[in-house]
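Below is one structure, written out as structure tokens; comments come after it.
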Amino acid sequence: MAMAMAPAVVSGERLVVFLFVARVALAAPAQLAAPLAVLAAAALAVELAVDASASASSSPLRRFRTRPGASSGILLGATTLPSVMLSRLIQLYRVLLADPNGREEYAYLEMQYWAVSVSCLGMLAFFVWHLRQSPSNGNSIASKYGLLLIILYPLAYLFHLLLKTDGGLLVMSNLVYLLCHGVAAVILIQHILEKFPSCSSFGEAILVSSGLVLYCGDMLAHTLSKMEFSISSEAFIRAPGTRSEIGTVIQGVLLGLFLLPLLYKSSLQVLAYCRKLESQRTQTVEECTQKRIDCGVFYVSLLVALLLLVPSWMRLIQGFEVHPFVWVFNYIFTDSRERLALCAYWIFVIYVSIRRFYSISKQSKTERILLRKYYHLVAVLIFSPAVIFQPDFLDLAFGAAFAVFLILEMVRVWEIYPLGHIVHQFMSAFTDHRDSEILIVSHFSLLLGCALPKWMSSGFNDRPLTPFAGILSLGIGDTMASMIGYKYGVLRWSKTGSGDTCFTPQLHKQLGKNSKLRVKPYAARGLKYGDLVQN
């Protein structure tokens, strides 16, 4: 029986995740490594239970449509961020041996590690709860094992926290802080899976949800630490007081854009209510006029978020004496020929590559998967000089690029006039079978893959190659794997593998021909303007 179970349990993806988690856990203190091991075991059990129920027509998880052809990836999604945070703790601990002044930052980072672990644990409980809605799935050995580990994990943390501190109020505040992360992560992943069908696998949804919740929780902790009522309180999670201006600008802008859909939705609802009252006395507004009004609401909401709400938060956190965007302008154009030369170099490379590759996509028979990988090589050309000569400026550039991508994707999805159709037509030239009918996320994955290692290595770094990790792995490693796999790959690592090497050239050609039909704006699928926001 064990031999029969082996092919279902062991796969290439799970083996790589096991080696990664084991390497991190062996380098960490036992009190931090043990929870990671428990979390990984629970994630593996849940993944096995989900995969076993995938073929069952009665599975409650079938209502969540995941990305076609992708494995569930629950183990990878649930262990990635906790492992990265634990790696950061190990790195910071080495610095503390020489500089004990960073103990406050270490304590805060340790709490962030527990927070992201609890977020992932809550999402695992979310999957187990859905599985147990069906008796055939809920009574499986894997689901029972996963549920047991999920129950043991918070008990282990509570025991660790009670041994570490004597303050009862501090224990309660920590538990509330972690509970809020777990609940927020469950709400967010359910929203992602329901509102964006076929856009991600379960593991990718876990990774995105835990990352967003952690990012927003960090913002909340820094905000409350700056308020008067929390300064004298020792019961609340204290965020480190020192942080760079660039980090504050990036976090403020990105969080402002993440909250933009809520502001846009609220504005549309108020406008619809006013229009309903007005329609009782006048005729209905034409659809063309209504579309222009909604576009105006979007641009006004964007300006309010970026020019009013975001700068107010930045001034609270960092104490900018001028408008944050004025500070960014002065930072770029004051006493820095290297930054200006770097900007000119970026503009030249981006212009030449986009013009060349867009022309190839329209005229040539080059496969879409290979065309997309050319942009990975372009990323190496763009980012490598900046990492060497202007690392701080590259952090700011990564944040600006991610903000532009977010705005353009909102404009494309909601078909905001006049750029919505143009952006959609341009982006569709580079999509393939892995992009859904709603979102195009490939460029986000490439940018974040290059940016996150650089962002996380800022401040202190005793490993010179750490900032290059994303650029080298995605720009060179992933590109070579994809090209070689496209030309020679005919074998799968596992039945649920989703990598580029799992597809033969013939399958790539077939998918490439139909790729333009997969990504459609909302109007092309019979939906009304702004339905994504109002839903």
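Positions of Cβ are set from backbone N, Cα and C atoms, glycine also.
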If TrEMBL is the reference, give me the range from 41-66, 249-274 marked as transmembrane segment.
-> 249-274
Could you check which of 221-239, 468-486, 506-524 is flagged in TrEMBL as transmembrane segment?
-> 468-486
Which range of 419-437, 438-456 is transmembrane segment in TrEMBL? It is 438-456
Would you please say which range out of 74-93, 194-213 has the annotation transmembrane segment in TrEMBL?
-> 74-93
Relative to the transmembrane segment (113-131), the stretch among 175-193, 396-417, 438-456 with the most Cβ pairs under 8 Å is 175-193
Excluding the flanking five residues on each side, which residues at least 6 beyond the ends of the transmembrane segment (396-417) place their CB within less than 8 Å of a CB in that stretch?
-> 246, 249-250, 253-254, 257-258, 260-261, 291-292, 295, 298-299, 302, 328, 331, 346, 386, 423-424, 427, 438-440, 443-444, 447-448, 450-451, 454-455, 521-523, 529-530, 532-533
Other than its close neighbours in sequence, what residues sit by the transmembrane segment (249-274), given a CB gap under 8 Å and a spacing of at least six beyond its ends?
-> 212, 215-216, 218-219, 293-294, 297-298, 300-302, 304-306, 309-311, 313-314, 317, 324, 327-328, 395-396, 398-400, 402-403, 406-407, 410, 455, 530, 533-534
